[in-house]
Every structure is written in C-alpha cells, then in structure tokens.
Amino acid sequence: MAKFLHFLLLYIVVTMLLYSSQAQNSQQDYLDAHNAARAQVGVGPMTWDDNVATFAQNYANQRIGDCNLIHSSNRPYGENLAKGSGDFTGRAAVDLWVAEKGNYDPSSNSCIGGECLHYTQVVWRNSAQNSQQDYLDAHNAARAQVGVGPMTWDDNVATYAQNYAKQRIGDCNLIHSSNGPYGENLAKGSGDFTGRAAVDLWVAEKGNYDPSSNSCIGGECLHYTQVVWRNSVRLGCARVQCNDGWWFVSCNYDPPGNIVGQHPY
C-alpha cells in the first residue's frame, strides 16, 4: 500500500476508442463522479485544475498509437488510467475505479479480494490540497491576516517552478534555483506531504518575525515574509515526487520579496 500513499493529486487519463458521449465527458462530469464517491466517505470535493488537465491530455495523446495502460513516468501527480470500446465515456471510467470500493478494507488500509488503488486515489482526501486554488487560498489567508491583498496565479511563474522542481527529482535537496527572476520558497516532506502543507510550514514562521525591527527573532522567518510580501502579487507553484519517495514543493513569487531594507507590509 505504500506506493499509493504518494499519489496525492489526481488527474485522469482516459483513452477513447471509436466515439464517446459528449454529455459524460465534460469537466463537470469528471468532477461530479469523483465528488459523489468522495462525499460517500466524508471527503471534501475536488476542483478542476487546467494545468493538471493539460498534463493528462498530453499524456493521453502519447497513448493514441497503442492504447496501452502504461503509467506516465516521473509524473508530479497521482494517476488513474482506463480504456474501453464503443460508447466508453469519462464518467464510465470513473465508475470503473469507484467500483473497486468493495475491495478496500479501511481497518487494514489494504486491498482485499482485488484491486482498490484506483478507488483510493479517487477518494484520497489530500488530492484536494495541491491545486492552484489551494496554493492561493493558503497564501491569501496569511496575507489577509496582516492586511495584504491577495495574490493571483501566473502560469509563467508556475512553469518556472515546475521546471526547477523537476531538476530536484534526483536529490530532493532544498537548494534554491540560481539567477531566477522570482522570489522562491522551497519545502519537502515524506508520506502525505501536500502543497498546502508546505505553505503551512512557511506561514508557521510568523511568530519569528518582528515587525518593529523588521527582522527574524528566535528562528527562520524569511519564508513567511515572502508569503506576505505586499508587492509579490503573482504566484506559481509546483510539486514533484523525488526518487527517494519524498515530495518537493517550490513556490515562486513575482515580483520577488525579501528586499533588503524594505518591510513586507
């Protein structure tokens, strides 16, 4: 079961054969099918993420030639695959995964009598804590506490974060990118470590920041000050699984914060 503990952010790759029913292949259809299963076990709803969907679409395009259920490599997301002939819809794919529910035993946290990891990915609670909105909500909640306006998501900044995060897959070391145009916060964690958890780590440094002296007292605070830096208004983040099984999270900020001699707010 250890392998699915690392699959925290869901995306769907469904290869269609022949034709499909458009009424059951929309973003809302995928969401409704997932969220109905999640609601049955008291797990909150997922939201759609265009970046995750683009990754799914790009990989699905690569499988057109053979339609084999082979997982993508070095993926930053969790992944469920399915295929079918005739009128095989996206909704039908999700229903296949959810049908594994009976094979999952919560008491032992294991599959009994058959496959269940597609189902557990569908209902995985923290798969709802790695979206663009989750990163934004965590940042903007901290900013609101000190009267700083909200950030918005920027795809260019997010691409930078993703490209650098991929470079750290081999070692997962918290080494900052060099000569970058953005501010940057890094974090890593094992097991069930989400993007939201990374932001929470940075915000937890708040108690170490002394506004009167504009300095850190008693510990690190520069991750926090970057989160709440007033002039940093555009955000982009990425999360990848390293070769050692840990998760590496990078968030970048435009314009960069932590300017010497300036206050965050």
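Residue numbers in this text run from 1 along the chain shown.
Note that Cβ sites are derived from N, Cα and C of the backbone, with glycine treated the same way.
According to TrEMBL, the protein has these features:
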SIGNAL    1-23  signal peptide
DOMAIN    25-129  domain 'SCP'
DOMAIN    130-261  domain 'SCP'
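Per-class residue totals from DSSP over the domain 'SCP' (130-261), listed helix then strand then coil: 47 helix, 29 strand, 56 coil. Confidence for the domain 'SCP' (25-129), expressed as mean pLDDT, is 91.
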